[in-house]
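What TrEMBL annotates here:
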DOMAIN    A:24-113  domain 'YCII-related'
DOMAIN    A:142-233  domain 'YCII-related'
REGION    A:1-20  region 'Disordered'
Amino acid sequence: MHYLATLAGREDTGVDPGTPEFDAEVAKYAAFEERAADAVAGGAALFPSADAMHVRRAGGRTLVTDGPFAEQAEVVGGFYVFDAPDLDAAIELARRLPAAEDGTIELRPMVMWSPHETPRGDWWLALLWEAPDAVIAPGTPEWDAAVAEHERFGAKYAAAVRGGGALQPPSSATTLRVRDGELLLTDGPFPEFAEVVDGLYLFAAASRAEAAEIAAAIPLGEHGRTEVRRVVDLGD
Amino acid sequence: MTTGPAGIDAVYRAEFGRAVATVAGMVGDIALAEDAVQEAFADALRTWPERGAPANPGAWITTAARHRALDRLRRESARAVKEYDAVVARAPIEEAEVSPVADDQLRMIFTCCHPALSPPSQVALTLRLVCGMRTAEIARAFLQPEHTVAQRLSRAKAKIRQAGIPLRVPPAHLLPERLPVVLACVYLVFTEGYFATSGPSAVRDELCDEAIRLGRLLCGLLPGEPEARALLALMLLQDSRRGQRRAEDDLIPLEEQDRPAWNHAAIRAGLACLESAAADGAGPYLAQARIAAAHATAPSWAETDWHAIVASYDQLLRYSASPAVRVNRAVAVGFSRGFGAGLAALDEVADDPRLAGTHLVPATRADLLRRAGRRREAAESYRAALDLAANEQVRRFLARRLAEVEE
């Protein structure tokens, strides 16, 4: 079973890619991955949200805007996909993530996941956010229609898409924090965000403009929003 | 007697949880097991009055439910082949009766109380799947609309399935952080029955009874866990006063209760449990049980062993930094070392932000001042407490006291 672990935390820590502090963080995650070994089925670290793009619908048009979204105290800093036999195994992995100590991790079972190679410098992450009550449940006719739309997108941009996945409903989410060594679990998605994660894509694009074009083609709910973020190149 | 609807209802109470736990263990799907057991009881209602009740109704229900579940798995070809094979290939269907196993119930309790489920879901699921309470009964007991409880139950079951919450007793290294969740769930069932003082009291009594039944079940399933016994001791000791806590619509403080009318059989059982728990370990429930025992064994309010109670509060504070515990400790300090000392102990916790906006501190201060004979200051504190108290019963109690000190 695949679980999406979305890592969220405050961004004002000054740990930006390219700094020694960032490299120290990366080393911690490398140690985590070594321990987690085969259970890691995907993941990426993200550049700060300052240069994010957002795609949404407005008056029947698709609108792309720049910059971080609203005034959120916490933002998504990266994600992992775990291949784990059950929720307990996924929790055991997530609680060892360095982000668990100073941020929040949301664990969501996935309906599907297409794995990817090691992220490169020209990769982007598209996080699909949706209003909680607008989320479509798997197995419904609306779901099948949405899947067909995503298949059309996938076929059109097959050369760019590097990976992606769909999630079980937000009610199946568990959020997790570790404070003073104590594991704290909460039933449900990130309490910090008004919207819920509804899916994700990884894709390659040579430029910001090309990334915006691809992101704008990703199917989007009437109340949804696509957050586009640059992926940190962690390859050697 | 077991053949009529009333008799079958008694079997339902006793056997529903065990049957669901056992069938769920076999088919790996709680919702399927629950439906199958429900159908097995429908079969029983149809056939027992004609043919007579079986010698072992629990085994009959479990076997019938297992057949029902297997039939369903066979019919639903869309279901995972793996699931079907695991059940069907393991044993031929025509085998002898299946009897529920205690381990299955323990697995079910830990699954219902998984920390990834919210506490209200844990409680509702445990009452439904372990105690066999019907949705309508749970709704009545918690004074909630039935559809709210039904929705909570179906959401929790969907989460167990979708999120892959395992149906098992957690491995040894997780037990220390998982058992407290289970004990907290059982105690929550109890306190909901014992401390919630509005609504149809008969149903609330049922929650106290279910919690004690769950406590006994846990003690039997986990004989090596002294905290399970300590929790049972705590519940039995508190429960011994249940009948004396309420008069009409008002709360009677412990001080004014009719002690000979307490349930002394429950006190004896609680004390025996406490002794056995204390011999094997220490923990937050043991400390709370000791406090309850000191009250239960005191010949009168004045002759209560307040030193022992303060010592137990100090123990309790090692496990929980709860400001409410410190407030209660301040009261006990007042009785054991003088009300001035109690007020000083209260001052130490009064600024805790977690108590801001509650009537707890001013009400406690008012009580200590009243006992110290400082009536004018007490009246002031009662007024401050009245400004903050939201519960009608509490307000009536505070107003009564205010009138006393204003006389």
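Yeah, the Cβs are placed from backbone N, Cα and C, and that goes for glycine too.
Whatever TrEMBL says is automated annotation, not expert-curated.
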Remote residues contacting the region 'Disordered' (A:1-20) - C-beta distance under 8 A, at least 6 residues beyond either end: 41, 45, 47-49, 73-87, 90, 93-94, 97, 99, 102-110, 112-113, 165, 167, 190, 192-193, 197, 200, 232
Three-state composition of the domain 'YCII-related' (A:142-233), taking helix and strand from DSSP: 28 helix, 35 strand, 29 coil
Across the domain 'YCII-related' (A:142-233), average pLDDT on the 0 to 100 scale: 95
Composition by DSSP (helix, strand, coil) of residues within the domain 'YCII-related' (A:24-113): 31 helix, 39 strand, 20 coil
DSSP helix/strand/coil residue counts for the region 'Disordered' (A:1-20): 1 helix, 9 strand, 10 coil
